[in-house]
Amino acid sequence: MFGSKRLKNVKEAFKSLKGQNSETPIENSKASFKSKNSKTSTISKDAKSSSSLKIPISSNNKNKIFSLAETNKYGMSSKPIAAAFDFTQNLLAIATVTGEVHIYGQQQVEVVIKLEDRSAIKEMRFVKGIYLVVINAKDTVYVLSLYSQKVLTTVFVPGKITSIDTDASLDWMLIGLQNGSMIVYDIDRDQLSSFKLDNLQKSSFFPAARLSPIVSIQWNPRDIGTVLISYEYVTLTYSLVENEIKQSFIYELPPFAPGGDFSEKTNEKRTPKVIQSLYHPNSLHIITIHEDNSLVFWDANSGHMIMARTVFETEINVPQPDYIRDSSTNAAKISKVYWMCENNPEYTSLLISHKSISRGDNQSLTMIDLGYTPRYSITSYEGMKNYYANPKQMKIFPLPTNVPIVNILPIPRQSPYFAGCHNPGLILLILGNGEIETMLYPSGIFTDKASLFPQNLSWLRPLATTSMAASVPNKLWLGALSAAQNKDYLLKGGVRTKRQKLPAEYGTAFITGHSNGSVRIYDASHGDIQDNASFEVNLSRTLNKAKELAVDKISFAAETLELAVSIETGDVVLFKYEVNQFYSVENRPESGDLEMNFRRFSLNNTNGVLVDVRDRAPTGVRQGFMPSTAVHANKGKTSAINNSNIGFVGIAYAAGSLMLIDRRGPAIIYMENIREISGAQSACVTCIEFVIMEYGDDGYSSILMVCGTDMGEVITYKILPASGGKFDVQLMDITNVTSKGPIHKIDAFSKETKSSCLATIPKMQNLSKGLCIPGIVLITGFDDIRLITLGKSKSTHKGFKYPLAATGLSYISTVEKNNDRKNLTVIITLEINGHLRVFTIPDFKEQMSEHIPFPIAAKYITESSVLRNGDIAIRVSEFQASLFSTVKEQDTLAPVSDTLYINGIRIPYRPQVNSLQWARGTVYCTPAQLNELLGGVNRPASKYKESIIAEGSFSERSSDDNNANHPEHQYTKPTRKGRNSSYGVLRNVSRAVETRWDAVEDRFNDYATAMGETMNEAVEQTGKDVMKGALGF
């Protein structure tokens, strides 16, 4: 009568999982990842259980049972500010404002390196596949080893660093200084080169001008013997081999030339300052970017200016006396430009980042698709001018937020060269508030798909607005996780080190809600799960809206795998774990789904409170948390929600309304404003809990909905069975429990066994047997805890010095000296100052008192959760949470570290000059010659073993790039291979994501691309052979 069919349905949902992924071992979900000096926490089951997988602990001295230890971290300790990607090892490094470097690899691979100086990091570069060079805000250079995962050396540069460049295959870092000098640092030998350039702008071009810093440096993408250097007023190419300036580029605007800014002062000569310069991937052209938004294209060999333009205007360097520009309209200033290329480096585009015009305005990115570059040898300057003046297409990508961009990182798919812009499929954007956005390129679609990156980055993509943790029965949890395996993760590098695990009866689910309406559910002890197993639901799709989606409350029914989520507008969506009836292999709506598409309108167009949204399930997910019902009550913001384990959902609103929903209908079985209840002094309900226990002296147990209010009152309702399988709700009592502010948490336990009295389906089924469970309700107020008996006046009180952030009951299984098993029920409290204590109940005897060993933001600590196994998940800050254990283990587990560097992966062959440049006299400089040139004949041997380890990882020719063991790291010379020749593994990833987000991108003429590559290479090789024969090379 009480829904035994429901339990059967839950079991049926997992039958399909038994034969699925049977070859993939799914391990227990309890974490063993630990910080130094920490001990792994223990898992126990409800005290009612007669058996336990718990490691025995003597309970003769309870003080020896409890000990605080951090067992895992999630997210980052502070705001991310810089990023770098290593194509060779396929690793992503993200640095924070407090000097931490997080290096991520495949699935859950992560290594954190903390620098001694806690200053913000401003730049990072991977070098030779084994080094990571880090520069902080104090211009200190750190060299980190991916092999040993340590800081190898610290370098103090003689001056302020204004620009750097490195190359994935070279030992050297070019450093531009504030005084205009360029020095060279030998990363492998840890020494500065004797080679140094003074301020060339002052010595060779503008001796009267003030001292200019170097604003931009770049290695020639085809010739390591040449570098591109920009000062404020001159850009030049410099030959390291010949030790001389090869060509100079000075952008001057004659009178009446409009230029790139919107100034009216066009009647005089101007020289806009340079902010950046870049080589075309073929090294034959360069672009200089100026502070007035001018984009100036030059012939790198002759120094001829080909075209000066802005994003929207051309020939801005030509005098136009009658030109009128609206000076009241301000153009967004260019902050940085990236010269992208596809698989064939002759097909290029510009990605331009703009600053916001005024504070609070949205930033945007602009893509100028230039298409295939005309052949240099047969195209006139006029032809090249037309090429740059008439791009194939232009796209503007507005950011979904008005937060400024602080760092942009293209993720290349083809090679680490061309400044990391070789066929990128994804662009990583770090915003000023620490949020990370990911944009597919060249489509410009923004995606927050959680499985692309490790789970610890989920806190930042986008920012988490709320979080919670819950204990889930392990068999149920592992079965669900097996359906959540995601194979579309972007990073492939590193090796996850196997963690030792302890037997566990319960797993821990961590749930985060985000500003874009997404909710992620993942295993909090992912040290035992090798995959990116996570669930993701998106309220934007379900509610068909794009704004006001920030998630503010989440309730998770762990034993029935149901979810209730509310957003800032007060809309609530109910989800349940099940097979998706709308799943499509093609990931596209079927032709007969026209009616479903018509129903995808906003909830504002609906009159009912409960809206069926099952047809809004994502078509690309076979099994997971599917939307079932949206609650559109128009009652304002929610103040509390609770999705019980017996099918009832309680929703309270800040305006005072209280609603009870039976999910089985669904149906609203109760709705009333508590402000209208006689005797109630409160304005709204602040927490809801469902318990099964005796009320007063009834002599039998009932389903009770217990509500705490903002004025410290407890309102109790009985949920009674009615005819036709329905339920009635009866108000029983209103009790004033505390006078200090709102009630934050309600829990309940049995007087006799101390086991939990929270409502579950097995307890619900036993109601028909007349079982009577005398229980005690635990009420957490502002700074006190009270134990009350519903329907009676008896209570016990415990006060605290500081406000309470989180409380909860835990059930610890212990073993006596005579090997008798005993269950210990305790209450764990966390005060807002980070003080954590453990008490026995109901006598409140203190068993442990410890402080969390690091600062915790008071704004976020209230999102902490006490788990039933003695763990507590604490949200430390906006970007991080930690899992602590309060139970001391007999066996301590040694901390382990993941492997980052994989030996044997070859660094791709660096592109070289083409036949025309060769014939014109360009001297190709080999890496060995460059080492001798910059390091001298007596260059010392490397002081690091990393140098020896990485020595054989360089490809001497393009055919060496192939590595059968690591196909995702290949870099292959373009050949005729058919339609998919330009596809890498990351391209497939990005295209899969585009499909999943219902955004089908054009194929960009793959066949034409492949044919173009083949023909270009054939002509290039033929010309090279002819020249070599004719000139005697």
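Counting starts with 1 at the first residue shown.
The backbone N, Cα and C atoms fix where each Cβ goes, glycine too.
Feature annotation from Swiss-Prot assigns compositional bias 'Polar residues' to 18-27.
For 28-45, the entry in Swiss-Prot reads compositional bias 'Low complexity'.
Summarising the annotation, Swiss-Prot assigns phosphoserine to Ser591 (among others) and lists a large-scale study or a structure entry as the type of evidence.
The annotation phosphoserine is assigned in Swiss-Prot to Ser602 (among others) on the grounds of a large-scale study or a structure entry.
Residues or ranges marked as region 'Disordered' in Swiss-Prot: 16-45 (among others).
Summarising the annotation, Swiss-Prot assigns region 'Disordered' to 953-984 (among others).
Packing against the repeat 'WD 1' (81-114) from elsewhere in the chain are residues 120-126, 129-130, 132, 134, 136, 144, 146, 149-151, 168, 406-407, 409-412, 415-416, 420, 428, 430, 434, 436, 453-457, 489, 491-496, 526-527, 529-532, 897-902, 905-908, 953, 968-969: each is 6 or more residues past its ends and has a CB under 8 Å from a CB in it. If you look up Swiss-Prot, you'll see 81-114 marked as repeat 'WD 1'.
Annotation comment: Swiss-Prot describes 161-197 as repeat 'WD 3', evidence class experimental evidence. Non-local neighbours of the repeat 'WD 3' (161-197) in the same chain are 86-88, 123, 125-129, 131, 133, 135, 139, 141, 143, 152-153, 155, 211-219, 224, 227, 229, 231, 238, 240, 416-417, 907-908, 910, 927, 930-931, 933-936, 939-944, 947, 954; each lies 6+ residues outside the stretch with a CB under 8 Å from one of its CB atoms.
Note on the repeat 'WD 4' (216-249): residues 163-165, 167, 170, 174-176, 180, 182, 195, 197, 199-201, 204-206, 209, 271, 273-279, 281-283, 286, 288, 296, 298, 300-303, 305, 417-419, 910-914, 917, 922-925, 927, 929-930, 933-934 of its chain, located 6 or more positions outside it, place their CB under 8 angstroms from a CB of the stretch. According to Swiss-Prot, the feature repeat 'WD 4' maps to 216-249.
Per Swiss-Prot, the feature repeat 'WD 5' maps to 274-309; the stated evidence is experimental evidence. Proximity of distant same-chain residues to the repeat 'WD 5' (274-309), defined by a Cβ-Cβ separation under 8 Å and at least 6 residues beyond the stretch ends, is recorded for 215-216, 218, 220-223, 228-235, 237, 247-249, 251, 259-261, 263, 315-317, 331, 333-334, 336-339, 341, 345-346, 348, 350, 373, 376, 381, 384-385, 388-389, 418-419, 421-422, 911, 913-914, 917, 920.
Among the features that Swiss-Prot reports, repeat 'WD 6' is placed at 333-397. Residue counts for the repeat 'WD 6' (333-397) under DSSP, helix first, then strand, then coil, are 12 helix, 30 strand, 23 coil.
As annotated by Swiss-Prot, repeat 'WD 7' applies to 405-440, with the evidence given as experimental evidence. Sorting each residue of the repeat 'WD 7' (405-440) by its DSSP state yields 0 helix, 22 strand, 14 coil.
The repeat 'WD 9' annotation in Swiss-Prot covers 552-631 and is backed by experimental evidence.
Within the same chain, residues 2-3, 6, 552-560, 562-564, 566, 570, 572, 574, 576, 609-610, 628-629, 631, 683-690, 703, 705, 707, 710, 717, 719, 725-729, 758-761, 764 sit at least 6 positions outside the repeat 'WD 10' (638-673) and bring their C-beta atoms closer than 8 Å to a C-beta of that stretch. Per Swiss-Prot, the feature repeat 'WD 10' maps to 638-673.
Annotation source Swiss-Prot lists repeat 'WD 11' at 685-736, citing experimental evidence.
Marked as repeat 'WD 12' by Swiss-Prot on the basis of experimental evidence: 745-799. DSSP places the residues of the repeat 'WD 12' (745-799) in helix, strand and coil in these numbers: 9 helix, 24 strand, 22 coil.
Broken down with DSSP, the repeat 'WD 10' (638-673) shows 0 helix, 25 strand, 11 coil. DSSP labels the residues of the repeat 'WD 14' (865-888) in these numbers: 0 helix, 15 strand, 9 coil. Residues 31, 39-46, 57, 64-80, 434, 459-460, 463-464, 467-471, 504-506, 508, 510, 524-525, 756, 806-812, 826, 828, 830, 836, 838, 848, 852, 854, 856-857, 859 of the same chain, all 6+ positions outside the repeat 'WD 14' (865-888), place their C-beta atoms under 8 angstroms from a C-beta of that stretch. For the repeat 'WD 3' (161-197), the model's pLDDT averages out at 95.
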